[in-house]
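Structure record follows, encoded as structure tokens.
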Amino acid sequence: MSGATRGGTLRRLLTASALCAGVVVSALPAVAAPAVAPAAASTDVDGHHVDDGHAHSHDPSLEGAVVPGPGTAGWTGPDAAPSAGRGTLSAAAAVPTPKPVQRYSGEPEELARYVPQIACDPVERVGTNRLRDLLHATYGGYKGGTTRQCSGRSEHSDGRAYDWMLDAGDPADAAKADAFLTWLIGPDAQGRPSGNARRLGIMYVIWDRKIWGSYNQTWKAYSGASPHTDHIHISLSWDGALARTSFWTGTTLTGTDYGPCVRYTGEAAPRYSGRNPSPCPTPGPRPAPVAPTPVPAGAQPLAGDWDGDGVDEVGLYLDGNVSLRRDDGSTVRYRYGQAGDVAVVGDWDGDGRETVGVFRRGHWLLKNSLSGGSADRAFWMGQSGDVPVVGSWDGRRLGVGLYRDGRWMLRTSVGAGPVDVSLNWGRPTDVPVPGDWDGDGADTPGLQRGAQRFRLDSLRAASPSPVTFGRAGMPGFSGDFDGNARDGWGVRSGATFLWRHDTRGGDAQGSVVLFR
């Protein structure tokens, strides 16, 4: 963030995985799939082969006539029409069914709408993993795959699908599949149609040349490239994949999470970032680029984690005009504040995303979103001529402060009140640039003096040796631009932002261009 605005947000740790091989899913809606090279064939945690290149789709061209299936009328069990090579299973064999995880009452969720995979985001989801573990605990055996890299189109590529490895030609496996699917798709204990599928957020299931979809509630013959005789493919809604449904919570969930949306024709959707209750609009062509506007010399550089991914992006503020660069290269522009305001950046509401507020002659006006309008929070601290600073001074929560003629006056919370920490460090002409220099979660003072940079590692004045970064006259800021939880120096030269990943001097280690 800018030297006057560094918001010392407690760092987020990111986890992401892409564990399994590419799966080709045919004929999903006409949205461009992310271009990712196919990966090698994969194995599950027990070393068994996981299916690769199998088509997992409810595409009508792969569906045939309605056929009997588990949980529907006319189905008499796996021995009624055995697959080639299938043996027989004694009718006396007892096969268990999953047990409810939570006590729930009332109607289950509506049948899940079909929301296809349109983003390359192969992250393991908690609900998908819980379903996998439930099946493993109920029936034994080994755990199949959940995620796939994005070589094709499948809910495996956004973490919403699981392959339960069963052999349709094995009587014991066939009986397990029949028991589970009858429990899943047939009436639940209260007689509600597809009650357990609804409570789990099941979109569709493919098994033994048949597909069942929540969108038509019937089994149909399936003619995809894989007959699915060696595994059951289960695709989940976003709510199911994220364990928000009543099977896991005990509370019936309403509405649909439509997930990320494609913005422009021919592009993939962004990664999942939160519940989306509205259907995705039809994407249109990307608008023609607008000629850039030169950056005035007085524009204030900003840095903040606008999307909560643990890595800072840059921005500009001048006289109420806000321009913020996202990590996908797009720019958010809006108006907030007025001429003479100083921008401040912080995670004011604790949601993991940093947003822009303003300091106006001692009046702090903070927004919890990247938008204009009225302030979500306001208080008084300081006076005209003070330079506002933001940081987690105690390493536990966000605080605010002021720099006045070489004196730092800091509060360990956001709001009006007495100063918690005061120290004299710096000259009246220095620019305050606080940051978390050592990655301990607490922000400490820093200074820009021409091309020189100084840092403290505690809230006590000292005489550290300076380093040189940038040139005199370049506005300074600080930020964590590589996600290592340590802030580094930054400067703006015209429309170019340059930064280091540490507080050493020397050449820039990263740069980006942002026009107003």
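All positions are counted from 1 along the displayed chain.
In case you wondered, yes, glycine gets a Cβ from its N, Cα and C as well.
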(request) Select from 269-305, 417-453, 454-490 the stretch of residues annotated by TrEMBL as region 'Disordered'. (result) 269-305
(message) Treating G and I as helix alongside H, and B as strand alongside E, what does DSSP give for the compositional bias 'Pro residues' (278-295) in helix, strand and coil?
(response) 0 helix, 1 strand, 17 coil
(message) Counting by DSSP secondary structure, give me helix, strand and coil numbers for the compositional bias 'Low complexity' (296-305).
(response) 0 helix, 5 strand, 5 coil
